[in-house]
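Summarising the annotation, TrEMBL assigns compositional bias 'Basic residues' to A:1-11. The region 'Disordered' annotation in TrEMBL covers A:1-27, A:126-145. The coiled coil annotation in TrEMBL covers A:87-114.
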Amino acid sequence: RAQPKKKKKVDVKKEQAQKERMKKKLKKLEKAAPELIPIEDFITPLKYSESNRVRSLPPLSPEEAERRVLLLKKWCLFKQKQDEAEKKAIKALVESQQEALKELQLESEELYQAAIRRDEGLFPFEREGPSYTPPLPGYDPPEGKCIDTTKVYTQ
Amino acid sequence: GALLGCHRSYRSRPTHGIGRFKYLLPKEVPKKRKEKVQMKEISAGTEYQYGDLNIQMTSYDLCLVEHFAQYVHRLCNRLSIRVNDSYAMPTKTNEVLFLEERGSKMQLDAVLTTHQRVIQIRGLSSTFAPILLEIIQSNQPEGVHLLMKQHTEADFKSRLKARPELEELLAEMS
């Protein structure tokens, strides 16, 4: 008769002790702040920093240096013109938009209020970049597969 | 009694503070303590302004995506759009295998790395949003995939390391 009683007590105590241990572990793990995954792009691999290979370029002739400087100046001017054109385009867009909204407000207040509101259907917005070589129409690709080999970091 | 042969400057004497020099040195920056990674509050935005938006740029080419991200960041600065955060998502590596013409062995074709940069903006007005989209699209380089969506907690959690032990314990507890 005494044995089943012992089993109950011991079990309950053991269970309680286990629970407390688990709670302590949980507290400890939760205390540690979550860490960000390190980004491999920003870590230079060691093999590029330990090598002794140094590139020695041939000296430039003065004509070549002159040509390069003039080319750089032309490129700077081209880029400046491009940037100014972009700024002008943005200004024009904003101005025409404001004018259109003004006219709309004069026409009807309701439509103006509806136009000012934010568009819920705009986001999420996805677009693929243009490609040099669009896919060929009659191309038969060989069979294959893609394996994801990203390193999984755990804390 | 009074101490003889003591060179202390008394506070009433004109020589008080004669040896001070620390105020002339440049100020020492206090040591930075490791900041805990905490999620910032996500704003939902008003009816006329969008809340936190993520501009995510993905590509296989690192230089292109990096330069495009810099361009977008500068553009937002120029247009006085508040940029909350500008970070990089972890790089994904894919191994592409293809089946040889004669034979059943898979051969390694290439190892591709996918890079992603994210720029988080806040308070974009509803009238300016289509203009901004137009500019970004017209300057999109080839091979760079653009995605604009609202920032969520899940996006932030995907940047953190996985904690399998914590999750196991939580599962056991409940």
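In case you wondered, yes, glycine gets a Cβ from its N, Cα and C as well.
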Whole-number mean of pLDDT values that fall within the coiled coil (A:87-114): 93
Secondary structure content of the region 'Disordered' (A:126-145), with strand meaning DSSP E or B: 0 helix, 4 strand, 16 coil
